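*Asks:* Taken from Swiss-Prot, the feature signal peptide applies to 1-18. Annotation source Swiss-Prot lists repeat '1' at 68-89. According to Swiss-Prot, the feature region '10 X approximate tandem repeats' maps to 68-267. Summarising the annotation, Swiss-Prot assigns repeat '2' to 90-111. Sequence annotations record features per position, and here Swiss-Prot assigns methionine sulfoxide to Met110, Met136. The feature repeat '3' is assigned by Swiss-Prot to 112-122. Taken from Swiss-Prot, the feature repeat '4' covers 123-144. Summarising the annotation, Swiss-Prot assigns repeat '5' to 145-166. According to Swiss-Prot, the feature repeat '6' maps to 167-188. Residues or ranges marked as repeat '7' by Swiss-Prot: 189-210. Per Swiss-Prot, repeat '8' is recorded for 211-232. Among the features that Swiss-Prot reports, repeat '9' is placed at 233-243. Feature annotation from Swiss-Prot assigns repeat '10' to 244-267.
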Amino acid sequence: MKAAVLTLAVLFLTGSQARHFWQQDEPPQSPWDRVKDLATVYVDVLKDSGRDYVSQFEGSTLGKQLNLKLLDNWDSVTSTFSKLREQLGPVTQEFWDNLEKETEGLRQEMSKDLEEVKAKVQPYLDDFQKKWQEEMELYRQKVEPLRAELQEGARQKLHELQEKLSPLGEEMRDRARAHVDALRTHLAPYSDELRQRLAARLEALKENGGARLAEYHAKATEHLSTLSEKAKPALEDLRQGLLPVLESFKVSFLSALEEYTKKLNTQ
C-alpha cells in the first residue's frame with residue numbers, strides 16, 4: 001500500500017516531465033500550478049454554467065411559481081467559495097512544496113530515466129516525422145493534377161475524379177498505418193524498459209530502503225494532517241457564509257410549498 005501511494009505521488013510529481021518528454025512543448029508547470037490552474041478553470045466554468053442554469057430555472061414556469069430567488073443569493077455563494085479558495089491557497093501550496101521536497105531525490109532519478117529513454121527513442125520519432133512529411137508531399141503531388149483537372153473539367157467529370165481520388169486516399173491511409181505500426185513496434189521495447197526501470201526503482205526502495213519508504217509515508221501523512229487542520233477555519237467560514245443562503249432558500253421553499261398547498265385545497 002505504501003509503495004502504491006508513493007508511486008502515485010512520484011508519477012504525479014514527475015508527470016510534467018513525462019508530458020514534456022513526449023510532446024516536446026513548453027517547459028513543464030509545477031504540480032501545484034497544474035492543480036491550481038485546473039481548479040480555477042473548473043470553478044470558473046461551474047460558476048458560469050451554474051448561474052446560467054439558475055437563471056433558466058427561475059425563468060421557467062415552475063421557477064416563477066416557487067419564487068425561490070436563487071439568483072439573488074448566487075453572487076453571495078460564489079463569493080463565499082472564492083474566499084475559501086483564497087484562504088486554502090497558501091495552505092495547499094505549503095503541502096505541495098513539502099511533498100516535492102520529500103520526493104526530490106526519487107523524482108530526480110525518474111527524470112534521469114526519462115531522459116535516457118528519450119535519447120534512445122528520439123531517432124525513431126524523427127524518422128517517423130520525416131516519413132510522414134514525405135508521404136504528405138507525395139500525396140500532394142499525386143492529387144495536384146487531379147485538382148487542376150477538376151478546375152478545368154466540367155461537372156460530369158466530378159464522379160470520375162472522385163473515383164481517381166478514392167484509391168489515392170486508401171493508399172495514403174495504408175501507408176500511414178504502416179508507418180504508425182512500425183513506430184509502435186520500435187517504441188514498444190523502450191516503453192517496457194521505462195516501466196521496468198520504474199518497477200526496479202520502487203522495488204529497490206522497498207527492499208533496501210524500507211525505512212526511507214516508511215519515512216515518506218509518515219511525512220506525507222503528517223502533511224495531510226496539517227493540511228486538514230489548517231483548512232478547518234476556512235471550511236468553518238464557508239459553513240457560516242452559506243447558512244444565511246440556505247436559511248433563505250428554506251424559507252422561500254416552504255412559503256412556496258404552503259402557497260401551492262392552499263391553491264390545491266381551494267380547487
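Glycine too: its Cβ is placed from the backbone N, Cα and C atoms.
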*Asks:* Determine the most Cβ-crowded residue among the modified residues Met110, Met136, using a 10 Å radius around each Cβ and all protein chains in the structure.
*Replies:* Met110
*Asks:* Using DSSP, how many residues of the repeat '6' (167-188) fall into helix, strand and coil, respectively?
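*Replies:* Per DSSP, the residues of the repeat '6' (167-188) fall into 22 helix, 0 strand, 0 coil.
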*Asks:* Summarise the repeat '4' (123-144) by DSSP state, stating how many residues are helix, strand and coil.
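*Replies:* Going by DSSP assignments, the repeat '4' (123-144) contains 22 helix, 0 strand, 0 coil.
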*Asks:* So what's the mean pLDDT when you look at the repeat '4' (123-144)?
*Replies:* 82
*Asks:* Take the C-alpha atoms of Met136 (methionine sulfoxide) and Met110 (methionine sulfoxide) and report the distance between them in angstrom, rounded.
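*Replies:* That separation, Cα to Cα, works out to 37 Å.
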